[in-house]
Amino acid sequence: APVLISILLGASFSRYQVEESVEHLLAPTHSLAKIERNLVDSLFPVNRSKHRLYSDLQTPGRYGRVIITSFRKANMLDQHHTDLILKLHTAVTRIQVQRPGFNYTFAHICILNNDKTCIVDDIVHVLEELKAARSSNRTNFAITYPITHLKDGREVYNGHQLGGVTVHSKDRVKSAEAIQLTYYLQAINSLNDMVAEKWESIFCDTVELFQKSNRKVKMYPFTSSSLKEDFQKTSRVSERYLITSLALVVTLAILCCSMQDCVRSKPWLGLLGLLTVTLATLTAAGIINLTGGKYNSTFLGIPFVMLGHGLYGTFEMLSSWRKTREDQHVKERTAAVFADSMLSFSLTTAMYLVTFGIGASPFTNIEAARIFCCNSCIAIFFNYLYVLSFYGSSLVFTGYIENNYQHSIFCRKVPKPEVLQEKPAWYRFLLTARFSEDTDDSEETNTYESHLLVWFLKRYYCDWITNTYVKPFVVLFYLVYISFALMGYLQVSEGSDLSNIVATATRTIEYTTAQQKYFSNYSPVIGFYIYESIEYWNTSVQEDVLEYTKGFVRISWFESYLNYLRKLNISTGLPKKNFTDMLRNSFLKTPQFAHFSEDIIFSKKYNNEVDVVASRMFLVAKTMETKREELYDLLETLRKLSLTSKVKFIVFNPSFVYMDRYASSVGAPLQNSCISALFLLFFSAFLVADSLINVWLTLTVASVEFGVIGFMTLWKVELDCISVLCLIYGINYTIDNCAPLLSTFVLGKEFTRTKWVKNALEVHGVAILQSYLCYIVGLIPLAAVPSNLTRTLFRCLFLIALVTFFHCFAILPVILTFLPPSKKKRKEKKNPENREEIECVEMVDMDSTRVVDQITTV
């Protein structure tokens, strides 16, 4: 049934869809920045912001960008490079997008000026004027930074167009190592958007082709589609690495379940255990497809979530099988396996469903995290059902093969030892088996000790880790672990940089690196929007507005106009009507303020009186190398200022949509999952046999999570969407591996602590070690995937597995030998009067299956 269900649901991949909106996935769903963007769009739509496109002030839209620099750090403003850049500009404007019946050029899809010409970056006009000045041998032409003047009198901001700038006195530019050009496109309808998207693709090809013919310069193209394409590229570049990972896990799972005894070896169960996990993952993917879900690259982590949980459950069942008596019927052995292992597996599965279920709830503000948790919940639920049904049935079949003394691989009847003596050596090696008739009752329980891992733990490791001379070194090592974890924990930073989730060696990474290198002197342009009617003619109001923007580079004609009025002392005592009339007349007559009409909204009242209902100016902050962190601090500072200021204003830049409440939005799933896990552990403390199990489990989870957060920070992993999802999984992975170990120790009686530590390791250590080895081998190919997303995924999952393994096999075995609960060895004196008499009757059926019936009398 599980196979048929998986095949039927897997057929839904014909409806396979990919989520194309990166903002929908990674930006906080509920944020103030999105509300502010809607307000800005309603007040100042893009079509009235033709000259305000420095840094995508309102919406990214469709665009193409290119950074031009030189390998030898040459001056990009010299004659040779200026001609080269203008030649590239000409080639870009001549790009054609072929559609049936018409060829679209840049002139057809660009944003138009009032005179119906395409609006291009002001740096192009600067370069054209520079070229004209050189042609006419004019030496008085100067470019200032970050604001320069054009010949029409306009002030233009070039802080994002000139990079690596060296200046003379009075901000005159001496040289620039990089120049950035931006081409904005219209996307007003579906056809226009389709043409613009195709134009972006041809734009990148044109730039790359241009660079091949000019190898002395380096060009970094980037478009509005680059982030989306590079985000999904991770899935494509990961395919062969995931296939390698699967092959390695299959091989090791088979080896972990194999032993020299060809009858008791279970290689098929290793393969079928992995198949169980695969079927559950396929079923979950099919359900997501049928319900309209869309795939994204974060789903690459789900197979590894399933691998850690599913394989441990199957290995634990196999470990329980080894503890059963071989003389029992298969049904009785299977019942013992389920009774021994499924209770803990059910509880850990419930913990997965609770923690990931909270992550899949509406409380999660990051859509990618919510979808990931939802898909994981479905996969874990079906994995539990398939372990009960598919893997349980597989265990029964292999049990019958074992009881019938058939070969574990070829299913052929294994001959008796006397028959094997007549066969060749290779034949005897392949059919080596131990028959129950050859062993007495004292040796019957040791038939599985030929398994390498069982033999290693029982004979060597358990005695070594509990040795008195080893314990101090383990405790010292744990203190070092806590020290380094604390050092990293104090340096945790939130990672809202979108380049952390894309494939490496892509346009996004190359462009972002070049932009950070050459254009990190100034922040993106921030819009400062006043959305109420204020007394602009009042000097005190003007001073308040300029005070709020103190410390910024103001690149707005509105601010220049206010200063212009203040210098002429015109605004002093000027009536409101005269002030607004002067504004309107200035826009029409003064070339310097000709474009100011884009920055102010007039409203005409019933008595023909004009009022200013909204206005805006543009700010740029001086930044250092930590540009994104400073921008986030700047956003928070301006937000607090807008709540207490006399003037109602908002600040906005499209990057705010990703940064706004990002820290709280990313941390919320982890916080909610931790709270739900603690609540579940506290509640179940009243249901389990001993509440100390939950106490120890809580402390272990806290120690593991603390260490993982600290070490991942030291390993240069930021707290972003991917790392938070891994930390949620880390809670469950720790409980998966440590809960059976702790419960066996805590519930043990009549022996010393050391004895029960050894017993717990012997009983559960093999399953933990088998799942850990398979998990680590599966993770190794992930480290080679050329993607920042998979790099984060590998580092976090590797640390989770390593730290949990360190706790299971070193910290807990040592600490439990001298901390509660105490194990008092009690010797009860047997009273002859209260002696139990046991009569055993052995019944042997025709199939030589022994069934023992005990009749007890007191």
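Along the chain as shown, the residues are counted starting at 1.
Quick reminder: no glycine exception, Cβ is built from N, Cα and C everywhere.
Whatever TrEMBL says is automated annotation, not expert-curated.
For the domain 'SSD' (238-397), the predicted model reports an average pLDDT of 90. Annotation comment: TrEMBL describes 238-397 as domain 'SSD'.
What TrEMBL lists as transmembrane segment is 241-259 (among others). For the transmembrane segment (241-259), the residues of the chain that approach it from at least six positions outside its boundaries are 265-271, 273-274, 300, 303, 307, 311, 315, 318, 448, 450-453, 770, 773-774, 777-782, 784-785, judged by C-beta separation under 8 angstroms.
Per TrEMBL, transmembrane segment is recorded for 271-291 (among others).
The feature transmembrane segment is assigned by TrEMBL to 297-315 (among others).
According to TrEMBL, the transmembrane segment annotation covers 335-356 (among others). Below 8 angstroms of C-beta separation, residues 309, 313, 316-317, 319-321, 323-324, 328, 373-374, 376-377, 380-381, 383-384, 387-388, 392, 395, 673, 676-677, 680, 684, 728, 731-732, 735-736, 739-740, 743 of the same chain, each at least six residues beyond the ends of the transmembrane segment (335-356), sit close to that stretch.
Taken from TrEMBL, the feature transmembrane segment covers 469-490 (among others).
Annotated transmembrane segment per TrEMBL: 670-688 (among others), in sequence order.
Residues 481-482, 484-489, 491-493, 674, 677-678, 681, 685, 723, 727, 730-731, 734-735, 738-739, 742, 746, 795-796, 799-800, 803-804, 807, 811-812, 816 of the same chain lie 6+ residues outside the transmembrane segment (695-715) yet bring a C-beta within less than 8 angstroms of a C-beta in it. What TrEMBL lists as transmembrane segment is 695-715 (among others).
What TrEMBL records for 727-748 (among others) is transmembrane segment.
If you look up TrEMBL, you'll see 760-785 (among others) marked as transmembrane segment.
Summarising the annotation, TrEMBL assigns transmembrane segment to 797-819 (among others). Sequence-distant contacts of the transmembrane segment (797-819) (same chain, six or more residues past either end, CB-CB distance under 8 Å): 301, 304, 308, 461, 465-466, 470-471, 474-475, 477-478, 481, 696, 700, 703-704, 707-708, 711-712, 715, 726-727, 729-730, 733-734, 737-738, 741-742, 745, 753-754, 756-757, 760-761, 765, 768-769, 772, 775-776, 779, 782-783.
The transmembrane segment (760-785) makes contact with the transmembrane segment (297-315), as judged by at least three Cβ pairs under 8 Å among residues 6 or more apart in sequence. Away from its own ends, the transmembrane segment (297-315) comes close to residues 25, 231-232, 234-235, 238, 242, 249, 253, 256-257, 269, 272-274, 276-277, 280-281, 284, 341, 345, 348-349, 352, 368-369, 371-372, 375-376, 379-380, 383, 387, 391, 501, 721-722, 725-726, 729, 732-733, 736-737, 766-768, 770-771, 774-775, 778-779, 782, 787, 789-790, 793, 797, 801 of its chain (Cβ-Cβ under 8 Å, at least six residues beyond either end). Residues 301, 305, 308-309, 312, 316, 344, 347-348, 351-352, 355-356, 359, 373, 376, 669-670, 673-674, 677, 688-690, 692-693, 696-697, 700-701, 704-705, 708-709, 755-757, 759-761, 763-765, 767-768, 771-772, 796-797, 800-801, 804-805, 807-808, 812, 816, 821, 823 of the same chain, all 6+ positions outside the transmembrane segment (727-748), place their C-beta atoms under 8 angstroms from a C-beta of that stretch.
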